[in-house]
Amino acid sequence: MKEDTIAAISTPMGEGGIGIIRISGEESFNIAKKLFYPKSKISFEEMKPRTMYLGNIYDDLEKYVVDEVLMVKFKAPNSYTAEDMVEIHSHGGFTAVRKILNLVLRNGARLAQPGEFTKRAFINGRIDLSQAEAVIDIIRAKTDKALKVAVDQLKGKISEKIKEIMDSLLSVIALVEANIDFPEEEIPEASPDIILKNISYNIERLNYLKEKAGAGKILREGISTVIVGKPNVGKSSLLNSLLMEKRAIVTEIPGTTRDVIEEYINVKGIPIKIIDTAGIRDTKDPVEKIGVERAMEKVEGAELVLFVVDASGELEEEDYKIMENIKEKRLLIIFNKIDLGQKIDEKKVKEHLPGKRVVKISALRDEGIELLREEIYELIVNEVGSLEEGIIITAQRHIEAINKAIESLKEAKITVENNLPMEISAIYIREAWEYLGEITGDSVKEDILDAIFENFCIGK
Ligand SMILES: Nc1nc2c(c(=O)[nH]1)N(C=O)[C@@H](CNc1ccc(C(=O)N[C@@H](CCC(=O)O)C(=O)O)cc1)CN2
Ligand SMILES: Nc1nc2c(ncn2[C@@H]2O[C@H](COP(=O)(O)OP(=O)(O)OP(=O)(O)O)[C@@H](O)[C@H]2O)c(=O)[nH]1
Ligand SMILES: [Mg+2]
């Protein structure tokens, strides 16, 4: 079946130096040929692939030059999608790119869906599914470390590991099937021992990949971290210190913050989504009340809580209430306003929040902030393991597939141990193979593909 020729603007809409319109599919060259007039007066066919040419985009209906651009063509299969492709590099901004896209559409292309270029790269076999998924992770990476992990995935590191395991599983399946089909022949015997060994080894390899998944999820999605505490303890000041900018309004009036404020910070490569909330207290003010409710909701969903108290005062009833609510959470206790001297009873706080660490800071003077960042890092790394070496799985979809594969392999193991016919074991091993194939895209259903690429941006 002949695929449509698709087109989209691949750069963000806004004022910028350059804007890129991409076209992919069989009609790409014909469409570009009608619009593009090279300065050097050579024909479209004479232009070398993967070489930039300067020229004009000309509107053949309205008869005027739309923009001066650079154009480059890619001949299939040597392109991003592995189809014929054209890129038009125009001036940035809203108007030129949009006008050129419209011209391209008028001449026979249709607007690309989100992720459709990358989907084609996958369907045409240039990259596998986990590599395709890495593309959007690269675009959305919030720290250098997250970027590095995504680029490793784009380079095929995950697929390589998964494919090794799949091949190993396939080799036992083949062995079992050969023994069933040709029991008389001179082929290696599929002894229960050999099969068990293979299964155990592959379960081990999958478990190893799983170990790093926690770190992976954190690198990809960040840790949602809520700053919580009574009014006026310095929550917004802490947010500002961490961000190194005056993001939130700070005043000496309790109840200043009402809305939830969310920003990202980078703590040694870990993206931390930091959320400032309204001070928790009983209040009659209807606006503040909503703020307090929102704060409590955020605490509920938080992966890390920074509980701020005013260390220059005594613990109050509100503090006790908040502690009661957050004691089960991953949590750091922040003693703020330490510049005013410490009056708070540290023992009492620790009694109410056993096992949690205290960090002493002055948000006003930016003191202790570096230490706090260290503590956040340590807390996370202690729980999820190092973010440094090894292959890091980041996608929830991959983790689920690995879990299901492990379950199938465990089933297979039981059948062998119970001396059931080998073909039964082979069925479970094949099931594991198929689950892993969902990661690479070797065995994946259309709806999963749609769900993956729907989340991409247009033009990617
Ligand atoms: N202008 C521009 N910049 C871009 C992209 C692009 O498509 N256009 N990319 C994407 O969005 C990224 C680069 N990724 C790419 C990956 C593969 C191929 C490609 O043509 N691959 C062929 C040929 C490889 C070769 O040179 O031998 C292939 O793999 O067969 C192109 C871009 C980032 N920057
Ligand atoms: N001395 C001293 N004052 C501080 C410190 N941190 C914050 N403050 C002051 O405490 C007051 C309240 O600070 P905010 O950051 O607005 O407190 P908050 O917890 O966000 O308050 P709400 O939004 O009302 O809940 C302001 O006057 C700050 O300047 C600190 O470390 N030392
Ligand atoms: Mg505040």
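Backbone N, Cα and C define each Cβ position, glycine as well.
Small disclaimer: the values here were computed from a predicted structure and weren't measured.
The (6S)-5-formyl-5,6,7,8-tetrahydrofolate binding site annotation in TrEMBL covers Arg22, Glu87, Arg126, Lys460. The annotation GTP binding site is assigned in TrEMBL to 232-237, 251-257, 276-279. Marked as K(+) binding site by TrEMBL: Asn232, Thr251, Ile253, Thr256. Positions annotated as Mg(2+) binding site by TrEMBL: Ser236, Thr257. Taken from TrEMBL, the feature coiled coil applies to 392-419. TrEMBL lists 222-381 with the feature domain 'TrmE-type G'.
Features recorded in TrEMBL, as mapped to the structure shown.
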residue: Arg22; record: (6S)-5-formyl-5,6,7,8-tetrahydrofolate binding site; contacts (Cβ under 8 Å, 6+ apart): Ala7, Ala8, Ile9, Ser10, Met85, Val86, Glu87, Ile88, Ala112, Phe117, Gly459
residue: Arg126; record: (6S)-5-formyl-5,6,7,8-tetrahydrofolate binding site; contacts (Cβ under 8 Å, 6+ apart): Pro77, Tyr80, Thr81, Ala82
residue: Asn232; record: GTP binding site; contacts (Cβ under 8 Å, 6+ apart): Glu252, Ile253, Pro254, Gly255, Thr256, Gly279, Asp310
residue: Ser236; record: Mg(2+) binding site; contacts (Cβ under 8 Å, 6+ apart): Ala248, Ile249, Val250, Thr256, Thr257, Ile261, Asp276
residue: Thr251; record: GTP binding site; contacts (Cβ under 8 Å, 6+ apart): none
residue: Ala278; record: GTP binding site; contacts (Cβ under 8 Å, 6+ apart): Pro231, Gly255, Thr257, Arg258, Asp259, Val260, Glu288, Gly291, Val292, Arg294, Ala295
Query: Is the coiled coil (392-419) packed against any residues at least 6 beyond its ends, judged by a Cβ distance under 8 Å, and which are they?
result: 130, 133, 137, 149-150, 152-153, 158, 192, 195-196, 199-200, 202-203, 206-207, 209-210, 212-213, 215-217, 219-220, 425, 428-429, 431-433, 435-436, 438-439, 448, 452
- prompt: Out of Arg126, Asn232, Ser236, Thr251, Thr256, Thr257, which binding-site residues lie by ligand 1, with a C-beta less than 6 Å from some atom of it?
  reply: Arg126
Field: Assigned conformation of Arg22 ((6S)-5-formyl-5,6,7,8-tetrahydrofolate binding site) - DSSP reduced to three states
entry: strand
Message: If the criterion is a C-beta within less than 6 angstroms of any ligand 2 atom, which of the binding-site residues Arg126, Thr257, Lys460 pass it? List them in sequence order.
response: Thr257
Cβ neighbour count within 10 Å of Lys235 (GTP binding site): 32
Field: Mean of the pLDDT scores, which run from 0 to 100, over the domain 'TrmE-type G' (222-381)
entry: 94
Query: How many other Cβ atoms sit within 10 Å of the Cβ of Ile253 (K(+) binding site)?
result: 9
Message: I need the CA-to-CA distance for Lys235 (GTP binding site) versus Lys460 ((6S)-5-formyl-5,6,7,8-tetrahydrofolate binding site), whole Å please.
response: 39
- line: Simplified to three states, DSSP reports Ser236 (Mg(2+) binding site) as helix
- request: Inside 10 Å of the Cβ of Thr256 (K(+) binding site), count up the other Cβ atoms and send me the figure.
  value: 18
- prompt: Long-range same-chain neighbours of Lys460 ((6S)-5-formyl-5,6,7,8-tetrahydrofolate binding site), Cβ under 8 Å, sequence gap at least 6?
  reply: Ser10, Pro114, Gly115, Phe117, Thr118, Val135, Ile136, Ile139
